[in-house]
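Enquirer: Handing you a structure now.
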Amino acid sequence: MNITVMGTGYVGLVTGATLANAGNQVTCLDIIESKINELNQGKSPIFEPGLEKLIQLGIKNQSLKGSIDIENCIRESDVTFICVGTPSNHNGSIDLSYIKSASSSIGRALRAKENEHTIIVKSTVVPLTTEETVLPIILKKSGWKRKRLGIGMNPEFLREGSAVKDAQKPDRIVIGAADELANKMMHVLYKEHDCPKLDCSPRTAEFIKYASNSFLATKISFVNEMANMCNAWGIDFENVAEGMGLDSRISPLFLRAGAGFGGSCFPKDVKALAAASKSDKIESKMLNAALEVNDLQPLIVVQMAKERLGVLKGKNITVLGLAFKPDTDDIRESRSEVVIKKLLEEGANITAHDPEAMANFKEIIDIKMAKTAEDAIDKADCIILMTEWKQYINLDYKLIKNKMNGNVIIDGRRAFEPKAMEKEDFDYKAIGLG
């Protein structure tokens, strides 16, 4: 099938590269020529395990290319995936400006096309967007009759750090089709995937994505609140989580306590859903509570450091990890940003390290960056672990002890081994350790 993927961000690149290596001819479309030039050279502008290799394979096999020519892309393709960004407004509501712009561009490009075409929204959008925003704009700008156009919504469930695997082997596919043409196209596209496929309306598909992310975010905040109680009562939350996870109704997934959730999805999507429900006069107390707990968690990490150091002013504090999670360079809504800003307010001297995200982080906060984790911990009074990269977890504890000035370690991800820390005489504290 000939496919256009509109938007070469995280979702667009993974979607395009995956479809191109599944027997389709894919053109990734963007208005930024430099991004297209990079793509055509086999380069990925984002760090995601396996993605650049997949892009290079598609380029080599001539099944993947980039373009800035929307009219040619639409004319030569059967299906267009909309994969543009949907950032938050200041009040947390969704900003649909990129969606509207993409829809207008597609509509204008369709004027020169004679045969039918299918539009599939893959961007995360609030319910009714596909049917009440995307569809009317495309019909108006194209001048097409409704029956010529297929329209659908097909949410992505990609996890940063394992997105390629998630795209190639999804655990479910949601097919939100508004008509038979879109339904048929999506079923043909995904016929080789041996996983449950759910047929539903576009608005249901839109809501499934929001409900899924909001549930997981709420579960994380619930777990963190339980872990905070464990801190006060001398209970090791890992034992509690193990006991909870043995209950098949709960499952052991997303039961790790820590400094809170971040990234491009959970915070944005929970805020957008809460704002959308508020606009329709529906209370979302649980969603707001999940966000409130998440705002608190990184401050608890700073408070732990303050309790052990007395004052933070003038202290040399190392922050290990800037990305919101391991195996990505994404710093959006990173809990490290909150921690570092608070530490700077308190007058601490910060040295930070991250294997992939330092350049991105430097754009928002100009702090001292170390070339290696070992350099970062040199002469530190306190180490705060914020991202559980394997290279941090595997650091030699004796090396850490010898390089530090102090012995305080605050584990914002409960990644280190408490007994080993105790053996090396570290003043070790983690969320939920008791």
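Cβ from N, Cα, C; glycine included.
Please treat TrEMBL annotations as automatic predictions, because they have not gone through curation.
So TrEMBL lists the following for this protein:
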- C265: active site, nucleophile (ACT_SITE)
- D30, K35, T86, T124, E160, K268, R332: NAD(+) binding site (BINDING)
- F157, L158, R159, E160, K209, F254, L255, R256, A257, G258, G262, K325: substrate binding site (BINDING)
- 318-418: domain 'UDP-glucose/GDP-mannose dehydrogenase C-terminal' (DOMAIN)
Enquirer: How many whole Å apart are the CA atoms of R332 (NAD(+) binding site) and K209 (substrate binding site)?
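Expert: Distance (Cα to Cα, whole Å): 19 Å.
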Enquirer: At its widest, how many Å does the recorded substrate site span between Cα atoms of F157, L158, R159, E160, K209, F254, L255, R256, A257, G258, G262, K325?
Expert: 24
Enquirer: I need the least crowded one of these binding-site residues (L255, A257), counting other C-beta atoms within 10 angstroms of each C-beta.
Expert: L255
Enquirer: Pop the Cα-Cα gap between E160 (NAD(+) binding site) and K209 (substrate binding site) into the table, whole Å please.
Expert: 16
Enquirer: Could you count the residues of the domain 'UDP-glucose/GDP-mannose dehydrogenase C-terminal' (318-418) that DSSP puts in helix, in strand and in coil?
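Expert: Counting residues per DSSP class in the domain 'UDP-glucose/GDP-mannose dehydrogenase C-terminal' (318-418), I get 32 helix, 18 strand, 51 coil.
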Enquirer: Could you find out if DSSP has T124 (NAD(+) binding site) as helix, strand or coil?
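Expert: In three-state terms, T124 (NAD(+) binding site) counts as coil.
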Enquirer: Please find, for D30, K35, T86, T124, E160, K268, R332 as listed binding NAD(+), the greatest distance between any two Cα atoms, in Å.
Expert: 25
Enquirer: Which of these recorded positions is closest to F157 (substrate binding site) if you go by CA atoms: D30, T86, C265, K268?
Expert: C265
